[in-house]
């Protein structure tokens, strides 16, 4: 194909090597008269040729690289204006147009803008400087264009001088939405803010977070890249590299920069997705070289080139990988298709691009449609051959389908909307004016109406928002190979307001899912149960995966941090993907330890019943009588039974009633039991006391019923205050990581301690009294056993304190149960078991005579000891008196001693002791 083009070129006859325009009219590309003139700016050529003059002169040069797609855009504007002229919208008012070729150069666009702003019907073609342009009549009333954002920015700054409406069909730079800087600019496409937002959303949804970006070094490229970078960061997407290419093909460094960009793409092997904000000719050159280097990636196309046929038809373009792009929402363009079918009959006298296209088609008449675009772009305005009009028409007729194939429906529709918006605004403005007159209205008046106009394309209604934008949305397109040809397929729609992709069928949904199979990440994906941990890289997308700690979880991939479980109700192990509900634990009835403790409690109750039966059947025996009688024994046995029964409230699911009952029941019943033991200790001590003063004191103190009631009553008051002021209650202990301990919270540690402390004080008093009576007769040694019982109690509860404070969990109640059982069994065994042993095994000693003999022997032994003590004491006194006293004093002493002789004093003392012994035996017998 290249050889054929070269051959054709060699036979060209160069007819024109002069400058592109001699007069301003030569600068006009397409023109048609009308009552109201509309300007148009289109980059019909992709570059302007450089001047060979030295030094360079300020002259407009010829252009090269005919852009078929942009040429079709000029035809779309012409067709849309003719649709309005042929309708009844303006009632006889005809719209005219002046369309200029910017050659993708801002300079050329500004030159055309100067002509737009020049004074109407002035032969000098000048822009008149004025302080007030309110009544100024320029050459045109409004401008459609330009396509590229950088050009529109420059043009808009000039049009702002007269507030001339400018409606762009393709410029998407976000900065143009700023109505302070660009008050007269409007557009029929969305801002790049929405496009970059949609791109970032697509990338995130596809699971990519490590991408590259390529843009141009101009206003559009820099602004688009900055906006995209912000949107990408908000979606946790990192840009591995940002490559910037020169804005114009005339730049000598563009080839070098493209090669450097491709080297960067190859070097970043983990980057498989690249966002491209470039012009069509940049993409064409980039892709051509990328195919040569066998680079295959996912290319995210901007709306500038996503549907460009020139790029889609690049040979072997499928080797580049997948192309996913965003295109302007398309509408009904069927009438434009019909217009193209009759293009060969359209007059081209005032349509230089059409005439040029016809000549290019003629020059490339032997080229196939697939290569025609490349052939056409190789010519410049200075290297064309001219043919007869009839021959040109024949070639155009043969190439009608080729033109339709190069149509970009989204852009064609946007141009139609721009023309329709102006048409409806002019209609509203001309309802009370004669718009056939050139001075019917000024451009700034049209701008005011245009901002608020509601217009239609025949089906849908539209209006500009506060920023002058028409947010029609985007089509998400995918390049697919069909029958050996690359085609553009609509994959989804992007809703700007809801920020969602709307798929139309199952096939497109499948295409979306296939995108997720491609990996483009800096780091390996963190699985559920892990979280990302930053590394030394400056990018947040480069990380390492670490497991979630205990009580944390992550249920999605690539989570930035693990989520905390609700520690009160849930838990999670290390590297968990979910939270598990905590198991509620308490000392349940089916627990082996609980069963053992209950068995011991029931055994204790059985012992109590057995002892009660034994005592009842042996009610008249001395052992039972010496124990205080059946009433005292029953009271103590009932207290023991209640103590054993209270352990049942420590087992099972805690309830408020059980929590309040268990400590109160134990405290009151155990206090009553200890109070009874206290009275027994006092009675024993009183019965066998030899000290007259102590005996008198114990007789005054010994009041059994008041002692029991008082001691027990104090404990009742303590427990009552406890229940009223800070009653125990059920509490969920959540301090353990995996379980909830359902337990009784004692309410007040002070009250709990006071209750136990009070019992301890009573037990200590009992211990002291019992210890004093530990040397009683062998068959009457109850005090000795009481001493052992109290010692067991003290040991048990002293051990309880550290064990209770250090034990945690569901077995905490078991600690108190064990202590209760030990203290209860200790007292029960020490008080009642010896008596039962005597009743059952030593019945001979369980008689009144045996007890009297035992008491007599003990009393005699006690009296002999007492007599010996008195004799020793009296002898010592006598010797002292004999040695130290005078005869007179001796006489006084004798008189004081009942007037007995001095030599019988020892015998007199012995007699008194024997008398006391008789009295003591009578007292012991009465106590029995």
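Glycine too: its Cβ is placed from the backbone N, Cα and C atoms.
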Handout entry: N-linked glycosylation site according to Swiss-Prot, picked from 555, 884
Key = 555
Exercise for the section: Check each of the ranges 505-525, 526-546, 568-588, 631-651 against Swiss-Prot and return the one annotated as transmembrane segment. Expected result: 631-651
Problem - Same-side membrane placement of residue 706 and residue 807 in Swiss-Prot - result: no
Practice task
Can you dig out which of the ranges 595-615, 847-867, 889-909 Swiss-Prot describes as transmembrane segment?
Solution key: 595-615
Exercise for the section: Among 730-750, 751-771, indicate the range for which Swiss-Prot gives the feature transmembrane segment. Expected result: 751-771
Problem - Overall pLDDT of the topological domain 'Cytoplasmic' (691-706), taken as the mean - result: 69
Fill in the blank from the handout: Filtered by Cβ under 8 Å and at least 6 apart in sequence, the residues in the chain of residue 332 (N-linked glycosylation site) near it are 413, 457, 458, 459
Practice task
Using DSSP, tally how many residues of the topological domain 'Extracellular' (728-750) sit in helix, strand and coil.
Solution key: 2 helix, 12 strand, 9 coil
Fill in the blank from the handout: Under a three-state DSSP reduction, the secondary structure at residue 567 (N-linked glycosylation site) is coil
Practice task
Restricting to the same chain and to sequence separations of six or more, state which residues have a Cβ under 8 Å from that of residue 567 (N-linked glycosylation site).
Solution key: 551, 734
Practice task
Report, as numbers and ranges, which residues of the same chain sit near the topological domain 'Extracellular' (806-812): CB under 8 Å and 6 or more residues beyond its ends.
Solution key: 585-587, 591, 593, 735-736, 739, 741, 743
Handout entry: CB contact flag for the transmembrane segment (595-615) and the transmembrane segment (707-727), at least three pairs under 8 A
Key = no
